[in-house]
Amino acid sequence: MTTSTALLFADLTGVAVFAASGASAAVAKRLDLFGVVFVGVVAALGGGIFRDLVIDEVPPLAFADWRYAAAAAVTAAAVFRLHPQLARLRTTVLVLDAAGLGLFTVTGTLKALDAHVPAVGACLIGMITAIGGGLGRDLLTGEIPVVLRREIYAVAALAGSIVVALLSTYGLARAAPLTAAATFVFLLRLISLRRRWSAPVATLRPPRTGTRGPQG
Amino acid sequence: MTTSTALLFADLTGVAVFAASGASAAVAKRLDLFGVVFVGVVAALGGGIFRDLVIDEVPPLAFADWRYAAAAAVTAAAVFRLHPQLARLRTTVLVLDAAGLGLFTVTGTLKALDAHVPAVGACLIGMITAIGGGLGRDLLTGEIPVVLRREIYAVAALAGSIVVALLSTYGLARAAPLTAAATFVFLLRLISLRRRWSAPVATLRPPRTGTRGPQG
Amino acid sequence: MTTSTALLFADLTGVAVFAASGASAAVAKRLDLFGVVFVGVVAALGGGIFRDLVIDEVPPLAFADWRYAAAAAVTAAAVFRLHPQLARLRTTVLVLDAAGLGLFTVTGTLKALDAHVPAVGACLIGMITAIGGGLGRDLLTGEIPVVLRREIYAVAALAGSIVVALLSTYGLARAAPLTAAATFVFLLRLISLRRRWSAPVATLRPPRTGTRGPQG
């Protein structure tokens with residue numbers, strides 16, 4: 001398997017995984033088949049479309065290569081059919097989502113570096129590629145965006161993209177180290193979910209008296 | 001009337017129609033004149049701006065040709081003035097919206113094909129051009145996006161864009177067949193609204209006992 | 001200080017100011033440190049990324065120049081630390097936000113004109129550059145977008161961008177007149193906030209009887 005085949009395979013796996021996460025969220029919102037497929041496709045392709053726009057690869061791969069849209073739509077439709085089984089496998093979905101985060105972080109950062117974006121910008125683009133689909137999914141379904149929840153999500157992607165940029169700087173952007181970087185993001189996300197790691201929250205002053213309601 | 005004049009006319013008609021739909025939604029939300037014009041302009045130009053970005057026609061037509069912004073703003077302001085009469089003509093607005101969906105599907109798909117986007121991608125771009133404005137309108141006004149409601153909307157656009165791609169493949173992308181394609185989308189949307197056609201919804205298991213409330 | 005240094009300084013000041021406004025909104029929503037920085041960065045860089053995409057300056061400056069992301073992230077993190085003091089300085093935040101609106105209106109319109117966008121389109125792009133960050137901030141935090149509230153906001157930016165386009169047409173796009181244009185937007189926004197200026201709202205028919213509540 002050549003490098004570019006490996007990258008394509010990683011990218012399409014990420015697409016399928018995010019399509020499944022988007023479709024699951026849409027089924028939970030009682031959307032119909034078309035709505036489920038639509039949210040799945042947005043979650044799967046949204047981050048990559050943004051990435052390709054900012055690195056001037058137009059038309060974006062999601063439109064230039066039919067396999068992207070096909071992988072997203074077929075996966076989302078399959079989730080629509082199979083959702084009762086998937087519901088029992090909630091943990092599996094979280095695991096797959098973390099895998100997608102790792103895959104897209106690596107492919108997004110690499111593509112930005114290949115397009116001669118400076119390192120800091122490439123890390124940002126890699127992170128946005130990885131988190132963009134989930135953001136679109138949550139905005140469409142009216143949920144609090146996962147990147148804003150008190151979890152390690154965007155930060156796992158950003159940490160992974162920094163690793164990729166460092167590997168690239170030292171000429172180590174080869175299969176094994178990149179796979180390790182994707183695995184690092186994957187494990188960081190999973191362990192933080194498991195251990196409920198989170199960042200600090202700003203302390204607001206308590207109200208002076210105890211008479212205020214919960215919205216006070 | 002030449003082909004390009006016809007396309008411009010079709011495009012500007014779509015702009016005006018979507019501006020009217022956005023402005024009506026904004027009036028219903030009690031926004032002020034500026035808010036109404038803003039939502040109208042987003043609904044009218046949003047889909048086309050996305051289309052032009054992904055086919056690398058920059059600056060997008062909405063910024064390159066002042067008639068687009070003018071048509072959107074003037075129509076939205078007119079709706080602000082005339083809304084009590086329009087409210088009575090709710091059916092008319094739905095009909096015009098369906099007409100806009102048909103027009104933008106055809107012009108969006110054609111432009112993507114002209115920019116050498118492969119057929120599957122061009123169909124997606126045509127669909128997004130047609131539904132993008134309504135999506136922006138609904139996100140801004142806090143409504144459930146129309147594409148996610150249990151109605152035939154995005155699918156009508158997608159079906160129309162496939163027709164346009166087939167016509168183009170067989171060298172039939174001429175005025176009469178394209179007008180027929182736009183009319184097809186228009187009628188498909190209207191008939192499905194009338195007959196309340198919709199796609200299936202995933203069946204969730206009923207709760208074991210009858211004691212849960214409607215949110216159970 | 002050369003013109004381009006002055007423009008960079010104006011741009012980075014706008015970035016910091018909008019990062020502070022986004023971070024403050026996120027602290028108020030009880031987001032954690034990462035969420036606060038994320039919303040701050042979106043508010044600071046969102047408008048400029050859109051601007052650069054539509055004028056085909058890719059990669060957008062927010063990714064090409066690390067100082068943009070750094071200014072946004074550092075400011076947002078500082079607000080997270082300092083927010084109790086800032087809360088008392090609510091007026092200061094509004095003043096800084098108005099200053100950012102003026103700065104981004106001028107730099108956005110100028111960049112679009114430099115990219116040979118026609119005047120009407122350049123004014124729209126300048127306005128969107130100025131209001132885009134606040135729009136992203138409000139969509140992420142679930143607030144009614146500031147551009148849709150009954151306040152002079154987008155219109156102040158649009159008025160300023162028209163002034164910049166006129167100055168440019170007459171060869172007067174030099175430091176002093178441009179500073180005056182930014183100041184004009186700044187003051188227009190502040191005075192309208194102070195005097196509660198707003199645009200008219202469409203009159204809806206009152207209900208026939210007086211029994212309906214305020215939401216009737």
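Each Cβ is built from the backbone N, Cα and C atoms, and glycine gets one as well.
As recorded in TrEMBL:
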type     : residues  : note
TRANSMEM : A:6-26    : transmembrane segment
DOMAIN   : A:9-83    : domain 'Glycine transporter'
TRANSMEM : A:33-54   : transmembrane segment
DOMAIN   : A:95-167  : domain 'Glycine transporter'
TRANSMEM : A:119-140 : transmembrane segment
TRANSMEM : A:152-169 : transmembrane segment
TRANSMEM : A:175-191 : transmembrane segment
Its residues classified by DSSP, the domain 'Glycine transporter' (A:9-83) shows 64 helix, 1 strand, 10 coil
Give residue numbers and ranges for long-range contacts of the transmembrane segment (A:175-191): same chain, 6 or more residues beyond its ends, CB-CB under 8 A.
3, 6, 10, 94-95, 98-99, 101-103, 105-106, 110, 130, 152-153, 156-157, 159-160, 163-164, 167, 197
Suppose you look only at the domain 'Glycine transporter' (A:9-83); what would the mean pLDDT be?
92
Same-chain residues at least 6 beyond the ends of the transmembrane segment (A:119-140) with a Cβ under 8 Å from one of its Cβ atoms are 18, 21-22, 25, 38-39, 42-48, 50-51, 54-55, 97, 100-102, 104-113, 146-147, 153-154, 157-158, 160-162, 164-165, 169, 185
Reported in the order helix, strand, coil, what are the DSSP residue counts of the domain 'Glycine transporter' (A:95-167)?
59 helix, 0 strand, 14 coil
